[in-house]
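Annotated features, as they stand in Swiss-Prot:
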{"type": "DOMAIN", "residues": "29-270", "note": "domain 'ABC transporter'"}
{"type": "BINDING", "residues": "Gly67, Arg68, Ser69, Gly70, Ala71, Gly72, Lys73, Ser74", "note": "ATP binding site"}
Amino acid sequence: MNEIAMNAPWPPHAGATTALASLQPTTGIRIEGVRKVYAARKSSAEVVALDGINLHVPKGSIQGVIGRSGAGKSTLIRLVNGLDKPSEGKVFVNDVEITSLSEPELRQARRSIGMVFQHFNLLSSRTAFGNVALPLEIAGTPKTEIEKRVLPLLDMVGLADKRDRYPAELSGGQKQRVGIARALATEPSVLLSDEATSALDPETTDQILDLLKQINRDLHLTILFITHEMAVVKALADRVAVIEGGRIVEEGSTFDVFATPRHEVTRRFVSSVTGSGAPDWLLAQPHEPPGGKAVLRITFKGSDANQPLLSHIARTLDIDINILSGQVEMIADHPFGTLIVSLTPSPDILRQVIAKLSTNNNLVEQLGYVA
């Protein structure tokens, strides 16, 4: 990146978007009607990567975007940090329309946007200190100021004692911590994360997610991250958008999306971490076998996840209810439980059980039968 361009007068001309002078943005990221189409090549038709994306990320919140490979997640991140432009629509960061900026304006605007990469993108010839200092050097920051900025960042990510280590001497988790510190060097108000934990082991992933939550709390950063892992969404996000085929098919608070997934893609993601999916052996018996039992899946939300509703119903109706599988966990600080149970398939009994369980917005589904 050209240092002269980085230090060009700001704004470069009197008519340049005065929105950039907004000191108190009301929103972190706003995406309006975005469509991204890649032109056709000789051997293939045009590719619609994003189609009608609308997303609002409140300032200071953590927004997850989850989708399978090829769903459009990475394209979305590229549009937010200005590495690419949409075919249609607008992208705003801190109330500034990124999509309308000139190159000098965009370079300046990117200083308020930090980026954390999947594969760290560290320079092997630079120490941890040198990698974190790099964006400040490019921006022409004085050396004395660089040291004042970098050392607290290394301390924040737990690497104060690794300042002189090279990437080859660091673990994967430590490399990502350097990457996070580097992303914070220019004191951004928005942090973008592109699959930041997918190359890490489970324990290190948890540590990095805890670090991102701490940074969000302490620095009041707006965080937008993309992932293909619902466990990451569950651990980190305030809100989540599910993207499929370039469209957002579901969006809401993390708890609501987990508790009541509406789209089939969302249900598959949720069942991968909550155990709420029906096992294959059960789906193979959609009809009642002789002497069989009906199988119900019950999703408990909020305080009901900790209540003895099943035992109360079993006593009241004088029936046996067998628990086949289940778990209770915390999602976005709310209890959430899923149980798969079997019971006598009498229509009258089933009707009463479902009616009693369906109170307080619990979700009850009949999945099939077991012998």
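Cβ atoms here come from the backbone N, Cα and C positions, even for glycine.
Excluding Gly67, Arg68, Ser69, Gly70, Ala71, Gly72, Lys73, Ser74, which define the ATP site, the same chain contributes His228, Ile243 within 8 Å (Cβ to the Cβ centroid), listed in sequence order.
Of the listed binding-site residues, namely Gly67, Gly70, Gly72, the sparsest Cβ surroundings within 10 Å are found at Gly70. Put plainly, the binding-site residues Arg68, Lys73 were compared by Cβ crowding within 10 Å, and the winner is Lys73.
Neighbours of Ser69 (ATP binding site), defined as other CB atoms within 10 A of its CB across all chains, total 7.
Summarising the environment of Ala71 (ATP binding site), the number of other Cβ atoms within 10 Å of its Cβ, over all protein chains shown, is 24.
Secondary structure at Gly72 (ATP binding site), taken from DSSP and collapsed to helix, strand or coil, is coil. Per-residue confidence over the domain 'ABC transporter' (29-270) averages out at a pLDDT of 94.
Spatially close to Ser74 (ATP binding site) yet at least six residues away along the chain are Asp194, Ile226, judged by Cβ distances under 8 angstroms.
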